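Report on the structure given below.
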Ligand SMILES: N=CN[C@@H](CCC(=O)O)C(=O)O
Ligand SMILES: [Zn+2]
């Protein structure tokens, strides 16, 4: 042992590791040492530790990895939601309402709101979060959003290309996103995204954004094929994006193109060149009354998928990954294991954080294995199946985030 405090969690009824071998262990134990997992195995063989937690037969999963959210905003869009429930369709234009409220908020207010959303997510089992910018939409406010996000979440994505702000010329705004705005956010972000959709950015404008951001050294993702078939998926594949998100309307060619990106990937060992993860956002699909993303067909075609909450005030005002997992099982026809994998390992894959251990110094998240970050989610239930079997019941019992007990 290393001198750091160790914690033994024993008497785990079901340990769903989501590790490379997809192991699900019964009567298991885990030892946490500092921020890392130092041992897993049968409870009967567990080593001693400084502290002991008796799981009393409960299930333990990796903490949720929420790879798609928009947490830096002020205000809400209740009226727009009510109108949608009364039959109006979603359009990108609502983003402008949130932009107004966000620009009007102080740094302290935006920070407090974002931190509150992170705390809400963690209280439900989320241990690793991404957030996008995208409600600032001018240089100063995008840079401010990126700075606040960098202080609040684990991974930050630049989404200056979320909407052309009112009164701006689309081409001139795209130039700003690709130039001075990109320079201003660059110190705070690792990823860039573009909303490639009717009412947002065209294929040509999206291509310009992706090129500039790639040249600036950012990893890429695309909001695509949310409101209809379009060029988003093909662009994501062409640019080698880490993920394409929403994916509600996919042609056979889109699914084939995504599957092609995973042809060198060995899913049984989690090795080989990473392809483009298809990130499904079921809470958003329900809230916008879009067809659910075809997660089943994507998995069957060999595409790695992620499930994420897409917490934002317009299309998905929830941070509940459990709700997404429940929906994925009940309505998208994923098995419980597949849905939990998409919301843990799949999210980590979309963020390039699924591998890493004691040797390379960057700890993996989204799976439970020795050397990985100790991000654990204990359920008030004996198995992960209860997430779908008992829909709507809050099942989080305990959470460890980087080895620290958070719930
Ligand atoms: N689709 C684009 N962006 C968000 C929604 C933004 C909004 O309407 O405020 C999403 O992921 O659904
Ligand atoms: Zn989004």
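Glycine is treated like the rest: Cβ placed from N, Cα and C.
In TrEMBL this protein carries:
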type: BINDING; residues: 68, 70, 223, 310; note: Zn(2+) binding site
type: BINDING; residues: 68, 70, 223, 310; note: Fe(3+) binding site
type: BINDING; residues: 77, 135, 162, 226, 315; note: 4-imidazolone-5-propanoate binding site
type: BINDING; residues: 135, 312, 314; note: N-formimidoyl-L-glutamate binding site
type: DOMAIN; residues: 60-382; note: domain 'Amidohydrolase-related'
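A map of TrEMBL features onto the structure.
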residue: 68; record: Zn(2+) binding site; contacts (Cβ under 8 Å, 6+ apart): 130, 132, 243, 245, 279, 281, 306, 308, 309, 310, 350
residue: 70; record: Zn(2+) binding site; contacts (Cβ under 8 Å, 6+ apart): 131, 132, 134, 135, 159, 310, 311, 312, 313
residue: 77; record: 4-imidazolone-5-propanoate binding site; contacts (Cβ under 8 Å, 6+ apart): 94, 97, 98, 313, 314, 317
residue: 162; record: 4-imidazolone-5-propanoate binding site; contacts (Cβ under 8 Å, 6+ apart): 95, 132, 133, 134, 135, 137, 195, 200
residue: 226; record: 4-imidazolone-5-propanoate binding site; contacts (Cβ under 8 Å, 6+ apart): 197, 232, 246, 247, 248, 249, 290
residue: 315; record: 4-imidazolone-5-propanoate binding site; contacts (Cβ under 8 Å, 6+ apart): 90, 284, 287, 288
(request) Could you check which of the binding-site residues 68, 77, 135, 223, 310, 312 have their CB within less than 6 A of ligand 1? (result) 223, 310, 312
(message) Excluding near sequence neighbours, so keeping only residues 6 or more apart in the same chain, what lies with its CB under 8 A of residue 223 (Zn(2+) binding site)?
(response) 193, 194, 195, 196, 197, 200, 232, 245, 246
(request) Among the binding-site residues 135, 162, 310, name every one whose Cβ is found under 6 angstroms from ligand 2, counting any of its atoms. (result) 310
(message) Counting across all protein chains present, how many other Cβ atoms fall within 10 Å of the Cβ of residue 310 (Zn(2+) binding site)?
(response) 29
(message) Cβ neighbours within 10 Å, counted over all protein chains: which one of the binding-site residues 135, 312, 314 has the most?
(response) 135
(request) Mind computing the max CA-CA distance among 77, 135, 162, 226, 315, which the record assigns to 4-imidazolone-5-propanoate binding, rounded to whole Å? (result) 19
(request) For the recorded N-formimidoyl-L-glutamate site, enumerate neighbouring residues of the same chain (Cβ within 8 Å of the Cβ centroid of 135, 312, 314, site residues themselves excluded), in sequence order. (result) 70, 73, 77, 94, 95, 98, 134, 313, 315
(request) Kindly assign residue 77 (4-imidazolone-5-propanoate binding site) to one of the three DSSP-derived states: helix, strand or coil. (result) coil
(request) Grab the N-formimidoyl-L-glutamate binding residues from the record (135, 312, 314) and give me their largest CA-CA distance in Å. (result) 11
(request) Other than 68, 70, 223, 310, which residues of the same chain sit close to Fe(3+)? List them in sequence order, counting a residue when its Cβ is within 8 Å of the Cβ centroid of the site. (result) 69, 132, 193, 245, 246, 281, 284, 308, 312, 316
